[in-house]
Amino acid sequence: MANSCRKLIFNIYVVFYCSAVIMPQICICSQFTSSPIDQFNKDPKAFPVATNGEIFPWHELRLPTVVIPLHYDLLIHPNLTSLDFVASEKIEVLVRDATQFIILHSKDLEILNASLQSEEDVRYKKPGENLTVLSYPAHQQIALLVPEKLRAHLRYSVAIDFQAKLADGFEGFYKSTYRTLGGETRTIAVTDFEPTEARMAFPCFDEPLFKANFSIKIRRESRHIALSNMPKVKTIELEGGLLEDHFETTVRMSTYLVAYIVCDFTSVSGTASSGVKVSIYASPDKWSQTHYALEASVKLLDFYENYFDIHYPLPKLDLVAIPDFASGAMENWGLITYRETSLLFDPKTSSTSDKLWVTKVIAHELAHQWFGNLVTMEWWNDIWLNEGFARYMELISLNITYPELQFDDSFSNTCFEVIKRDSLNSSHPISNEAKTATQIKEMFDAVSYNKGACILNMLKDFLSEETFRKGIIHYLKKFTYRNAKNDDLWHSLSNNCLEGDSTSGGFCYSDSRKTSNTLAFLRENVELKEMMATWTLQKGIPLVVVKREGRSLRLQQERFLSGVFKEDPEWGTLQERYLWHIPVTYSTSSSQAIHRHILKLKTDTVDLSEKTDWVKFNVDSSGYYIVHYEGQGWDELITLLNQNHTLLRPKDRLGLIHDAFQLVSAGRLTLDKALDLTRYLQHETSIPALLKGLEYLELFYRMVERRNISDVTENLKHYLLQYFKPVIDTQSWLDEGSVWDRMLRSTVLKLACYLNHAPCIQKATELFSQWMESSGKLNIPADVLTIVYSVGAQTTAGWNYLLEQYELSLSGAEKNKILYALSTSKHQEKLMKLIELGMEGKVIKTQDLATLLFTTARNPKGQQLAWNFVKENWTHLLKKFELGSFPIRMIISGTTSHFSSKDELQEVKLFFESLKAQGSHLDIFQIILETISKNIKWLEKNLPTLRKWLLTSI
């Protein structure tokens, strides 16, 4: 697509019109060298065939830009009894080039009629001309054929009447149900359009670049309410007792942000400092669980308005807990929808982790009101500009608004999580081509979200928080109500200097940042766009290899590949053409100051000012790279940890544990060396570091347990219970202490009970018995609920009682804990019953099926059961979840990513190949095959070492 609207050849009138009227919000440049009519006339045989057998006049997946929408007028009438809806719309469009057809998106809609009026027709109230409608479902497009060619630079009004069933899944305009305390099932209608499902609710230009205003009217029964992006203006009484709600016209926005709901929910409301009304909606029986969300939403909205120096532009903000919701939440402008467990908080059954999750998701979605809604990416290849920023802003906002949640200490795990994905060759660049609806859905992954956030955090550390904040404010203000791309962000970050700032390479530092390290940066003359292109336009993560030679540090960078060893024949090919501009940081035994250097070459040398005993790179794990220390580097750091680990920052200790075990997977560090590093953990007081060490040891335990390698399983179990006995024994069974104290408690006790630690089993059994005897009325501390339920689920009586309580519970947090516990049963018939209930979607909602299959597959007794179910029911699963959607990807990865034998690899490969059009092209399949291969290599290389190390350690 062209970079500037100046490239358009318009007459003087159109140039003026675009500049004065459209440019502040939308000025779409043609992506084609000739008009659609010219292309069609030149070679009509190259075009597809519509459903009626006629030639469909458009053959691209992307819509032509000769006609652009300015305003939609929508009238929707859902029937919650017959579960369908009828609707009509008028779209005001601007014709930029003469054409005889208009191409729109439409999916599963029955078009009843379509007509067209010119500006003159509208002015003189002339009836519209009927249009011929052609449909091409393969591209989810319709063509409106006009009798006479539409004239360039004029506006027209397109009127369409249509109808459809409310969707059965979780996309478009769909139905959702909930049960009241009295056992009644009630139905609501709700929308979820991102990324490409607005076309399931109304014919539209369903691409993010086509921003427009929306005026929405909804018809409903009096027992329901209607919600939409904007406040309600008025309600009109219609014949037959129906009501018609009219909503204010929206600001200019993309179709995927349009939202409306018809429901019978109740709400609690508050007001932000700026006067914006904030409301939390939920089903009536769950109203009491909305109060924490209201507190958090008001506080976070106040924060963002201040931080971005831009007022939230709408008069109200509604947050709604939806009973059936596939993802965590959706940032519809002014009407944010959530899965119930992402918004509701029950003080009795919601744990510390639940509270952190709810707060984090609210922070994420509110950040989208600026990043994504106010400024939107041009196309889905840059979805990271929405999602990476929203994830990054979770960190920034929660550090200020909820410091007691200590979110800063958990952000490193955001980066560690995506490194597992990004270190595979099947990864993709942050900014990646996406054309089809399935490819677009697959872009919503850890790379776009987490890696996006991590490189932004690294860039913030590089530029300084002050400079970075100025840059993003500049970016948001410049592109308000418009679309942006990668380069626009780098330009904004490079051009926000104030008087007196030091400048270099287009970016700036305030006087307060003029340290020796900063001056070294300035001498590097870094070009920000060039630097960040190495992080967004190529996949993967760099490995920085450090070797200390006297008072010099020899640095080398290469691509870090998990599961590919340097001696493997493909290693060299996979390294070709990879080079990053890495803003490395380090500290030494001689100086705790943070030293900085930009590694732009394959090899480089850094001179130290004085002799040092050790050096630690990637200070506070703020950089997105792995570090390997050659020579005596690792031995020096292991000695340091054992002698006085507090000489390193807590996040540096966390980073060392992570990097060490990642390097084992790449064959760069021996497993015994990494395990030796964890010996200091008995003295560790930083809980994130302690939990990271436990995480890897538990991972190894589950791996050998699944493979039934009994001697290693027993020895590792013995080691865990022996080595971490002091930590286990000091845990209480109460909800007390800091956030990290409570997360340590739940993690350690959960592992101890999983390992059949007698005191843990005894205490959990005691609490479960008391809970059953109280008919579920006993309040068990929320942080240990999962543990107590999991132990209780091991008996038939306990399992059955938990299933009964699952049906009765009004707390989504409690239902999640019960469902997890039920999936830990050792009885396969019980596990199969659970999965069948999940497929049925009544007792266990379909939205929870993916999680259920994931947790069942983690159970050694359920791993093959879950996998067999997926193979046998793939077609049925695709009827419930869209191809490429997060639930489908979770189901595939959850049931196969733990496989570690060649037979399992072959079985999975054959299944994937058999799917063909039903999914064989999905990126997740390549990820899984590579993951299983990595697991196989890990065991082959490291099992003997693990066995030997354990024998010398217990």
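Every residue number used here counts from 1 along the chain in the order it is shown.
Glycine residues also receive a Cβ, built from the backbone N, Cα and C atoms like all the rest.
Remember, it's a predicted structure, so these values are computed and weren't measured experimentally.
Annotated Zn(2+)-binding residues in Swiss-Prot are HIS364, HIS368, and among GLU378, GLU387 the one listed with them is GLU387. Together with GLY328, ALA329, MET330, GLU331, ASN332, Swiss-Prot lists one candidate of GLU171, GLU184, GLU194 for binding substrate, that being GLU194. ASN113 is the residue among ASN113, ASN130, ASN708 that Swiss-Prot labels N-linked glycosylation site.
Counting in whole angstrom, ASN332 (substrate binding site) lies 27 from CYS415 (disulfide bond) by their C-alpha atoms. Taking the Cβ of HIS368 (Zn(2+) binding site) as centre and 10 Å as the limit, one finds 23 other Cβ atoms among all the protein chains shown. Closest to ASN113 (N-linked glycosylation site) in space, going by CA atoms and restricting to the binding-site residues GLY328, MET330, HIS364, is MET330. Ranking the recorded positions ASN79, ALA329, CYS415 by Cα distance from HIS368 (Zn(2+) binding site) puts ALA329 first.
Straight-line distance linking the Cα atoms of CYS454 (disulfide bond) and GLU387 (Zn(2+) binding site), rounded to a whole number, equals 12 Å.
With ASN644 (N-linked glycosylation site) as the anchor, the candidate binding-site residues are GLU194, GLY328, GLU331, and the one with the nearest CA is GLY328.
Neighbours of the substrate site: apart from GLU194, GLY328, ALA329, MET330, GLU331, ASN332, residues of the same chain with C-beta atoms within 8 angstroms of the site's C-beta centroid are ASP192, SER327, ILE336, THR337, TYR338, GLU365, HIS368. Cβ-based crowding with a 10 Å cutoff singles out ASN332 as the top-ranked of the recorded positions ASN332, ASN644.
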